[in-house]
Amino acid sequence: MNITIVSVGKLKEKYLKQGIDEYKKRLNAYAKVSIIEVADEKAPETMSEAEMKEVKRKEGERILSSIAPDAFVITLEIEGKMLGSEQLAKKLDELATYGKSKVVFVIGGSLGISQDVQRRSDLALSFSKMTFPHQLMRLVLIEQVYRSFRINRGEPYHK
């Protein structure tokens, strides 16, 4: 399976990079993993609704241009469906079973994701009703993907 994480903005925090690199290395035993960073749109501190929509639209175009047409797209959204680790593992297993070898996870920028990206999404996934920094979500997401593969192979993992 090919797992791609598309995320808005550059990861600057060294400790997050180290954690992500560790899980990416571990995941190589199960899947091909790539991380694509698309540029975030520079935005003023205070914006009108129209300006916010435009920022999301521009970031959305960059996100969409990095997604293969045949990929199964999972967007991370506060209002998405909440799944437990076992349920996410089952979903990834089902995708592999039904021939969906390309799975793309999308993490939007600080304003979220555009409606165009939401329309392209096959599954809107929520990790919590809380808001997290999108850089931190990369680490949380890649750990959960790793955990999913361990679960699907009957290997031990922390509950």
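Glycine is no exception: its Cβ is also placed from the backbone N, Cα and C atoms.
Sequence-distant contacts of Leu76 (S-adenosyl-L-methionine binding site), defined as residues of its own chain at least six apart whose C-beta falls under 8 angstroms from its C-beta, comprise Phe105, Val106, Ile107, Gly108, Leu125, Ser126, Phe127, Met137, Leu141. Residues annotated as S-adenosyl-L-methionine binding site in Swiss-Prot: Leu76, Gly108, Phe127, Ser128, Lys129, Met130, Thr131, Phe132.
Between the binding-site residues Phe127, Phe132, the minimum number of other C-beta atoms within 10 Å of a residue's C-beta occurs at Phe132.
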